[in-house]
Structures are given as C-alpha cells and as structure tokens.
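These features come from Swiss-Prot:
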TRANSMEM  30-50  transmembrane segment
TRANSMEM  72-92  transmembrane segment
TRANSMEM  103-123  transmembrane segment
TRANSMEM  133-153  transmembrane segment
ACT_SITE  Ser138  active site, nucleophile
TRANSMEM  164-184  transmembrane segment
TRANSMEM  186-206  transmembrane segment
ACT_SITE  His191  active site
Amino acid sequence: MAIPAALPPLPFNPTRVRSYMLRLPLFTRLVLLVILAFWLLELQTIWSVVQWGSLTPNEIGIGSMYRLNTYPFIHVGFFHAFVNLLALTPLLERFEAEHGTLTAVALFIGPLSTFPAGIYILVEKFILRSNTAVVGASVWIFLLLGSEAIKTFKSNPYFSLGTTKIPTWTSPLFACALVSIFVPNTSFLGHLSAIIIGYLLGLGYLKVFVPPEKILRWIEGKLNLLGRLPHYVSVDQKTYGRYGVLPTATAAVGGERPTPLSYLGTNQRLGP
C-alpha cells in the first residue's frame, strides 16, 4: 500500500488563527476567559452554575440582581459554549476595537446585558406568565448583529433575493427565526430582546450610557491603563470613532446598494 507523500492541508491556517488570537483586545480576552471558566465550573456536580447564574424571571430580586450580568457568561454544555465563542469573538473584538476597552466594559457590563434581560423578564413573566430560564452569550451575538445591521442599512439599505429587495436591517430577524426553528432549546424571545437593544445601539439611542471621552481619557491617564494593561484599546486608538461607520462602496443608482446574503453570519442559541 502506497504511503501518501504529505498530509492533506488543514481547512484553516493555524498560524493565522494563532496570530488573530494574539491580537485580540483586552476586554474580548477577558470575556472569553470568563465564559471558559464558567463552563469548567459547570463540570463539577456539587454546585450548579446554571441554576445560580441563569436569567430566571421568578428568581430576580434584590439579592439576585447579579443574574442580569451573569447569564451571558454561562452555557449549557461544551457545544453551546464553543459555538457561541466562535460567533461572539469577531463581533466583540470589532466593537472593542472601534469604541475602546473602557467603553466596551461600561456597555457590556451595563445596558447591553441588563436591558435585554429587562425586556425578557417583562414579557416572559408579566405577559406570557412563564418562567423559562435562559443563559448564553448569544444575547450579545444577536445584539451586535442588530447594531451592525443598522449601520449596514445606513450605507447599504437593501440586499437582493432574486428580484426582491429586502432591507438589510431585517437580516438579524431572519437569523433569529432560523435559529429558533433549526436549533433546539433556543429562546426566540431572548434573541429578539437582544436584537431590539442592538437596533437602539446602532441608532445611537444608547449614547447617553457611554461615559464622556474626557472622563475616559482622565481615567486612562490617571491609571496609566495603556502602559500597564497589554492589549488595552484606549480612547485615542479607536478604529472608526465612537458610533461612526466607514462607507464600503460608492453610491449606486437610486441610492440603493445591494448586500450579499452572507451578511447573516453564524448565530447560536440563548438558553438551555
């Protein structure tokens, strides 16, 4: 039997993957590490991480407000965590590179976690009269997709499906519906709540929750964050400015720019 001269090439370049991982900004790295840590903690059988940190409407009270921040970091099983990490990393990395590390911390520990949770609790508990617990970083995935969809809509209002032109801002809604249909045990309401907040973020309505750049620069200078923290993204290192977006193409006839369907990307579940 003949011995092959060489192994078949890998479907990805390990060197490029390693280079990409080494360039990840600070907050993105910390989020990935916390998700991994919670998954490892869930492997033990003494204490249930999911029961402790999930977003469970009937469990929210004065002493359990931490759930509004812990649920995006917790996952049910390796596959749930792994796929969400793959989908979240490029989106979160881009956000931090565009807006800075301190802004990313302020938003994701604050309104970008608590606002989707608030909508979910309001509808799930007081309208649907249910108590379904949800966990998973897909809340941030759909939120960032919603924000990106709004920014894309401003420069490329439509994508073409045959002869039909569909607004690009609807793409996260299609993704949400498809995930709910084809991926079991997902929370359509949780994903939809995240998309709504993502739309508000993309439209600029959440600017009020972002600390002024003057204050951010003072904190960075006072603590020397850029010099002390590796991979820290300062206010002055931001890629596109706070809420700006660079146009990717010249204007088409009639002001409409088609966007390929590949914009939909990869999305995964929110919930056990």
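Don't overthink the numbers, they just go from 1 along the chain as shown.
The backbone N, Cα and C atoms fix where each Cβ goes, and this holds for glycine too.
Around Ser138 (active site, nucleophile), a 10 Å sphere centred on its CB holds 30 further CB atoms from the protein chains shown. It is 7 Å from the Cα atom of Ser138 (active site, nucleophile) to that of His191 (active site).
Just so you know, the Cβ of His191 (active site) picks up 33 other Cβ atoms within 10 Å once every protein chain is counted.
In the three-state DSSP assignment, the secondary structure recorded for Ser138 (active site, nucleophile) is helix. The highest tally of CB pairs under 8 A with the transmembrane segment (186-206), across 30-50, 72-92, 103-123, 133-153, is held by 133-153. Sequence-distant neighbours of the transmembrane segment (103-123) (same chain, 6+ residues past either end, Cβ-Cβ under 8 Å): 25, 27-28, 31, 55, 57, 60, 67-69, 71-72, 92, 95-96, 134, 139-140, 143, 187, 189-190, 193-194, 196-197, 201, 206, 209-211, 216, 233, 235, 242.
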